[in-house]
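Taken straight from Swiss-Prot:
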type: ACT_SITE; residues: Cys131; note: active site, acyl-thioester intermediate
type: BINDING; residues: Ser162, Val163, Gly164, Pro165, Gly166, Thr167, Arg168, Ala169, Asn170, Asn273; note: NAD(+) binding site
Amino acid sequence: MRKKLRAVIIGPGNIGTDLLIKMKRSDWIEPVWMVGIDPDSDGLKRARDMGIKTTHQGIDDFIDYLIADDIRIAFDATSAYVHEENSRKLNALGVVMIDLTPAAIGPYCIPPVNLEEHANNLEMNVNMVTCGGQATIPMVAAVSSVQKVDYAEIIATVSSRSVGPGTRANIDEFTRTTASAVEQIGGARKGKAIIVINPAEPPLMMRDTIHCLLSEDPDEVNISKSVYNMVKEVQKYVPGYRLVNGPIFDGRKVSIFMEVEGLGDFLPTYSGNLDIMTAAALRTAEMFAERVASKAITLPNRH
């Protein structure tokens, strides 16, 4: 029989709520707790209505129940400012932390590029970069796996309505973390990230533009093949991930244009930026659970 790993979601906002709905369908992860700090939080109320245990008194209140409820995975959907303390407390109790903030104190995780490596090493904190990073870094990695990328620039355009207060408070961290991961995981020598929050009504679907500048003339056939294969890999956990145009070659520049449609679990389908983040985080937790079930890794003993 499959053994689900039991999980807590910290942060009952847009991301936390969408993650909870996705987790309810998972074969590998069982959501048990949601932690917030606002007694009037809509997210906590929704979680309670779904049969999830909740507290509005923060992580310290939840920790008292962690061992008894056998919580093994935590998803932090709060803010970069508080993540480090959350992670320190939970890692000390043998909980694997999946960080959906731009704090990036653990290694970056882009599932089709490097998730297996993290799961096999039992990394206790993995960072999901940003929505822009999840949508674009697979494409940079697809190009850099064929030829050296001197410079990569990504532009993530998201609807204003899909961007909650947590993301707005972390815009600088968003651009820095994404650019850093474009280099470290995407394989570009230099990376740059731009986020555009579009207030248009009706809201636009998430759009992502990826420009890669190569150090030599492009191998068009193999780059195209690599990009198409990577799109299929991402579609395994984000079905609405689509190549709109490209790769387009202009001298040594390669341009790729993507859109991301969400599943519409919590926010409407235009919020692909929310979906790709939560789907990638859940895929990451599921890979850890699969490795535990197959005895490839052993979770920390805490009894």
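Even glycines carry a Cβ here, placed using N, Cα and C.
Since we're looking at a predicted model, the values are computed, not measured.
Feature annotations (Swiss-Prot) mapped to structure.
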residue	record	Cβ within 10 Å
Cys131	active site, acyl-thioester intermediate	30
Ser162	NAD(+) binding site	24
Gly164	NAD(+) binding site	16
Gly166	NAD(+) binding site	20
Arg168	NAD(+) binding site	11
Asn170	NAD(+) binding site	19
So how far apart do the NAD(+) binders Ser162, Val163, Gly164, Pro165, Gly166, Thr167, Arg168, Ala169, Asn170, Asn273 get, largest Cα to Cα in Å?
16
Ser162, Val163, Gly164, Pro165, Gly166, Thr167, Arg168, Ala169, Asn170, Asn273 excluded, remaining Cβ within 8 Å of their centroid (NAD(+)):
Asn14
About how far apart, in whole Å, are the alpha carbons (Cα) of Cys131 (active site, acyl-thioester intermediate) and Gly164 (NAD(+) binding site)?
13
Could you check what DSSP calls Asn170 (NAD(+) binding site) once collapsed to helix, strand or coil?
coil
Under DSSP, is Ser162 (NAD(+) binding site) part of a helix or a strand, or is it coil?
helix
